[in-house]
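Colleague: Got a structure here, written out as structure tokens. Questions coming.
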Amino acid sequence: MFKHYLLAIIATVSSASQADTPEPMYWVTLKNDAVSQEVQSQITPLNHGLQAAPTDVSVIHINQSQLKQLQQDLHQGGEHGGYMVHASRQDALDSANMPITSNIFTAPTLNQQAIIESLLPQLDAAKIIDMINKQTQFKNRIYTLSTGQLASHALRQNWANLVKGLPYASVSQIKHQKFLQDSVQVTFTGSKYPDDIVVLGGHLDSTAGMFHTKHTKAPGADDNASGIASLTDIIRVFAENQIQPERTIIFFGYAAEEGGLLGSQDVARNYENKHVLSALQMDMTNYRGSDKDYVFMTDYTDTGLTHFLETLSDTYLSDLTYGEDRCGYACSDHASWHKIGVPSAMPSEAKMREINRYIHSSNDTLEHSDTTGIHALNISKLALTYAVEMGFID
């Protein structure tokens, strides 16, 4: 499937050469098997500077028309995109050279049983479904369109309403220079260790292919209204119980994930010199495609953090089951944190070959995932245990 865009890429090379005004150029990293040999001869991957591992990532320099065609085909057929778009050649090389795994996470001692057991029953599948429905009321949440920015405003307002009146909590939007949609963040400032930062995030945009207009229908109920809804319910439970963590916890709704992890790359870059302890990604939480309640992705993640999450599951959620899988290069925003050396992890709704095949289409509606919200609730429970155990020390 990844090689099907061959003729279209060649066609855009030809048409672009005839244009009066040169198109903007972009640096892109993606797996080698996404680029056929014939296409490589047309666009010349610039792999000089790559280290020995990983060996299956290419760096290419393409124009805007080529990028749109590439994005279109990488998103077809219910696949995760698996690519990153970069501001410079050096940034692209850095991303291509990032290790497939790390093992730098230091796991804390589990000692927050009382608070976790009091909060877990308060998570609510019905409220998760309600939040999914609120997001899918937008025809699309595409990051280059006004609807995408309206969705960002709506998320900011929703999160602001949840934490209103809490002196240690704040909500803001993060503007990005190269596209319209803002990212959104909620910060619970730590009472004892405010410079220690724990991250939870998911992307707020949707897509149904990259050749879109304002009329494009891209509801993105599972990808990724479900992940944002899971995060929202954790924020609600924290706020209603007036939970101020000892460490700072930041929840992100990343813009433009579908455009090559654009929003999360900007966000992570801004935190590169801060003490971020770990980052958890919530991308697609509400489709039970496998026989497990959640599946941990083991590539472009931190092995120690993944094992810590498995320990959390064994300790607090022993009735739930989990497995492991690989999602490929840059399949979601956790890769942006992994790239800068922050331990990251992603519990997914299913194994990659069993994920929701309606994603990236007009048919990614609630009817094609779990209408009860129970599957998303289970992943939300895991994320809450992570937030509490990481957010508190004493």
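Cβ coordinates are placed from backbone N, Cα and C, and glycine is handled just like the others.
TrEMBL annotations: computationally assigned, not manually curated.
Sharing the record's features from TrEMBL:
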- H203, D223, D283: Zn(2+) 1 binding site (BINDING)
- E258, H360: Zn(2+) 2 binding site (BINDING)
- C327-C331: disulfide bond (DISULFID)
- 185-378: domain 'Peptidase M28' (DOMAIN)
- 1-19: signal peptide (SIGNAL)
Colleague: Once the chains shown are all counted, how many other Cβ atoms turn up within 10 Å of the Cβ of H360 (Zn(2+) 2 binding site)?
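Modeller: Other Cβ atoms found within 10 Å: 26.
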Colleague: Go through the recorded positions C327, C331, H360 and tell me which ones have a CA within 10 A of the CA of H203 (Zn(2+) 1 binding site).
Modeller: none
Colleague: So of all those binding-site residues, D223, E258, D283, H360, which one's Cα sits nearest to C327 (disulfide bond)?
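Modeller: Looking at Cα distances from C327 (disulfide bond), the smallest one goes to D283.
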Colleague: Nearest to H360 (Zn(2+) 2 binding site) in three-dimensional space, by Cα, is which of the recorded positions D223, D283, C331?
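Modeller: For H360 (Zn(2+) 2 binding site), the closest Cα among D223, D283, C331 is found at D223.
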Colleague: From the Cα of C331 (disulfide bond) across to the Cα of D283 (Zn(2+) 1 binding site), what is the distance in angstrom?
Modeller: 10
Colleague: List the residues in the vicinity of the Zn(2+) 1 site, defined as same-chain residues other than H203, D223, D283 with C-beta within 8 angstroms of the site's C-beta centre.
Modeller: G202, G220, N224, G227, E257, E258, M282, M284, S332, D333
Colleague: With H, G and I counted as helix, E and B as strand and the rest as coil, say where DSSP puts D283 (Zn(2+) 1 binding site).
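Modeller: Going by the DSSP assignment, D283 (Zn(2+) 1 binding site) belongs to neither helix nor strand, so it counts as coil.
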Colleague: Give the distance between the Cα atoms of D223 (Zn(2+) 1 binding site) and E258 (Zn(2+) 2 binding site), rounded to the nearest whole Å.
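Modeller: For D223 (Zn(2+) 1 binding site) versus E258 (Zn(2+) 2 binding site), the Cα atoms are 10 Å apart.
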Colleague: Between E258 (Zn(2+) 2 binding site) and C331 (disulfide bond), what is the CA-CA distance rounded to a whole number of Å?
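Modeller: Cα of E258 (Zn(2+) 2 binding site) to Cα of C331 (disulfide bond) measures 10 Å after rounding.
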Colleague: Find the average pLDDT over the domain 'Peptidase M28' (185-378) in the predicted model and report it.
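Modeller: Mean model confidence (pLDDT) across the domain 'Peptidase M28' (185-378) is 97.
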Colleague: Including all protein chains displayed, how many Cβ atoms other than that of D223 (Zn(2+) 1 binding site) lie within 10 Å of its Cβ?
Modeller: 34
